[in-house]
Every structure is written in C-alpha cells, then in structure tokens.
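Lifted from Swiss-Prot, the feature list:
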ZN_FING   1-51  zinc finger
BINDING   CYS18, CYS21, HIS39, HIS44  Zn(2+) binding site
REGION    404-423  region 'Disordered'
Amino acid sequence: MSKIAKFYDAIEEGRFRCKICNYIGKRGQQGSTYPQIKHMKRLHPNEFAEVDGSQPPQVTLNTTTPPTVLPVAPKVEKMELKADMLCQPSDEQLRFHNQTTNLITSFLRKCGLPANLVNNASFISVLRHLNPLVMIPSADVVNKFMDSHARDPFLSSTQPPCIICGNEVPGHRSIRVSDDDAAIFLTAAVLTDQKTIRQAKRDILSEYLTVCLRHSLHYYKAMHKTLGMSEQMENIEDLPDNAFHTGHSIFNKILKMRQTLDDRPLEEANEDEYRAHLKRWMTSHQPKVSKKRVQKTTIADELFQLANFANQSIPHEFFQHMLQDQEEHEAKRVKLEEPEFEEHFDEQPSTSSYMATATATATATPFPSKMTVLTLANGKKVTKAPSLPPSVLNSGKLVTWKVSRRTHGSTSSTPRASPSLPAEDHGFIPDADGPVSEILNFEDLFNSSLVDAQLSTTSEV
C-alpha cells in the first residue's frame, strides 16, 4: 500500500480525490500512484515530506550572518509546469465550488440525509451528468458546513421559498396552498407574462408550496383581467368557453409536473373542473370589503346649531313626529341650591318689576300663563313649569336658564311684589324703577301652533 494513500479517496473507477483540496484526478495505469505523488509534490509538499521522510524546502530571512544558499528545485519541463498551473483552481472556480458545497449541504440538511451521501456512486453520477466539471465536497467538508449552518440563523432558516418570487427570508408572511391553488397561481403568472411555462413547471416541483400574501390580491385581479370579467363573481358562469382555453391548457401542463413528482397517476382536469377550481380559488382569495363606519345621528344633530339660536325656530314637522311617538313624562325638578325651601303657589306669572328698561316694549314670548313659584328659605324665588318631553329637554335647545341682574343702591331683603300680567300677554312688563344689567330674550323657540312650550326660568333676587 502506498504511503500517500491516506490523502486520497477512491470515488469511482479510474478516479481519485484529494482529501486536502478535494481535487479529482485520474489514476495511473495498472494501479500506479504516480499521478497522486505528482499532485502531492506540486501542491502539498509539506504533507508529502512527512510520508517521504525528506525535508521540505525552507525559507530563511536575511540576517547579519552570511547568506546561505537555499536548495533549488530541480528544473522542470515547460509542459509539466503548464499542467501544474492547470491543476490549481482559480478564484472564480473556488467561489463556484463553495457555492456548490453550500447548496449540497442545504439539500442534505433540509432533507435529513447523512453527509456521507456525497460518496454514493449514484449521487456522484447525477452531479457529473449535470456538470462534468463539478467538484464534489467530501463528507468532512459537508459536516463543517452543516455546523456553520446551525450557527448561522440565516442559513439555518427552514422557511420554504415562495413559488412566485422565490423569497426565502425568514419570517416573511406566506400561506401554504394546495396543488391546485399553486397551479392556478402559476397559471396566472404565465398568462400575465411574469413567468415562462418552463419556469412555472420548475416552481411547481417545490417541496412546500407556499405563496406570499402580497401576491394574492395581485394575481386575483390579474386573473379577472385575463378572463375579461368584471369585479362581480356572479358572472363567471356567463363567460364564453374560449376565455378558459389558454388557462386550462397551462393549468394541466403545470399540474402534470406535480403529479409526476408525487408518483400519482396523470389526470387532466376537464373544462368544468377547471372552472370549478378557478371559481373556488378566486372566491377563497377574494379580498374582504372593508366596512364603512356609519355615524349615528342624534336629535342634537338634527336641530340647528346653538351658536345663534335666538332667532331660530324648531322645525314644525320634526317636533310633530317626535311628540306623537313619545309619551308625556314628568317634569324634571329644578335642582335647588339649598335643600331647605318653602313652597308658595301663585297662579300669576312671575315677572320682575324692573326686568326691562323704560324704552323696551313687551314682546310675545312662549312663556306659560301659569307657573309654580317656589320661595326658598334664603329669600330666593324659583319658578318652574309643568312637564315637557325629555327629548325636548335634551334636544340641545335651552330649556332652563338664569337671568342675572343688579340694581343701583341698596336693595331690600324682601323681594318686590310682582305685578299681575294679563293671561293673553306673555312678555316682560317694562318698568323704569330699576335698571337692568342683563336681559335674555329668546324668540320663536317653539312654534306656538304646534305645542304650548313650557319652559322653566330661574332668577336670582
């Protein structure tokens, strides 16, 4: 047995592979090891010196001592030097070899196959058939690459690539599709000239059929446009037969490739089955229509704005419909400032003798003719009216308000007597005894022909 046999592997008849650089060469005739020895001398002189017992060439640095004469290699012929240069791979070849090793390692790792599969004669024959110049890595190199894949999170990703874009970035949003759906996706890609039929046949052979979510809506619309149909799904049955001929043919060609891969019997889908597959695919991947928000309208939205409501009136039809639908409720009691009060009932409307200036004229206002006067313990008077519907009280219109006033000079502790007001007149009586600091006059708050609006007022004394 040759001394250098430990540096080589016999991969097939008439060929050997160097364990150091993975170089593959032809063996010598009749079991001669001359090609292996020649390769070791030229490319691995140190390893060859270990088994041969000779000293490898050494390089010394210039020192103060006289220079020593280095051993000179024997002169080689020109043809041998040229052959030696051809044996050394270039940088581009090394990059290609590393990429091949990486792909083989990924294939073995994802399929759960052992690393020594690279020594299998059938596996080597397949790779040699695809590329006669391929440099097949050894099992040790594959194991090293597998370890690096396990440490690298990007290389260790088992995310299957998309059959449309080939995206295999970890964590990209994708969906797993069936064989029929994948064939329809690829059919749409072929019909829109984004893939050739050969590329579609190759993509259907993926182990896991996944599609990125961002392709779903795009190819759904593309299939609509290709078939010449509108956005409604109901008219797919009304399309002519010639609209499905091209897609039907491409669909069967792509699906046959998948059936061949899975060792299934080759079955072609007829036109009715293709239409059923297509309709189900378009329905399952149809985008959902977003629900628009519907704002609820309230009573306050139906009424006018309250910014300048003094000269506005409530619509007649609106309140007529509102009053017919709602029952009469009890009036809301006016919230008193003090809990202790004395009730005093007066059948006359409550007005102040100094609530208007001398030049003001009485105007018709919708105040009720009869009001209940409440006299508090501290001398304040509160007037309130009978019931109004809660919808009117909460409709955004002013129902209860307060009039602030002040007088010049001292005021008596007892309130002034209120003069009587005729029943047919519902306005303020002007009086020149006391000036008015502020007066609020609200006209036409309600239509008197519709309802006798009854409002409550609160005044400070």
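Note: Cβ is positioned from N, Cα and C throughout, glycine not excepted.
Structure coloured by features recorded in Swiss-Prot.
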| residue | record | DSSP class |
| --- | --- | --- |
| CYS18 | Zn(2+) binding site | strand |
| HIS39 | Zn(2+) binding site | helix |
| HIS44 | Zn(2+) binding site | coil |
Ordered by sequence, the long-range same-chain Cβ contacts of CYS21 (Zn(2+) binding site) under 8 Å (at least 6 apart) are LEU43, HIS44
Need one number: mean pLDDT over the zinc finger (1-51).
79
For the binding-site residues HIS39, HIS44, which Cβ has the most other Cβ atoms within 10 Å, all shown protein chains included?
HIS39
Looking at Cβ-Cβ distances, which residues of the chain lie under 8 angstroms from CYS18 (Zn(2+) binding site) while being 6 or more apart from it?
PHE7, TYR8, ILE24, GLY25, HIS39, LEU43, HIS44
Can you list, in sequence order, the residues of the same chain other than CYS18, CYS21, HIS39, HIS44 whose CB lies within 8 Å of the CB centroid of the Zn(2+) site?
PHE7, ILE20, TYR23, MET40, LEU43
With helix taken as DSSP H, G or I, strand as E or B and everything else coil, how many residues of the zinc finger (1-51) land in each class?
25 helix, 12 strand, 14 coil
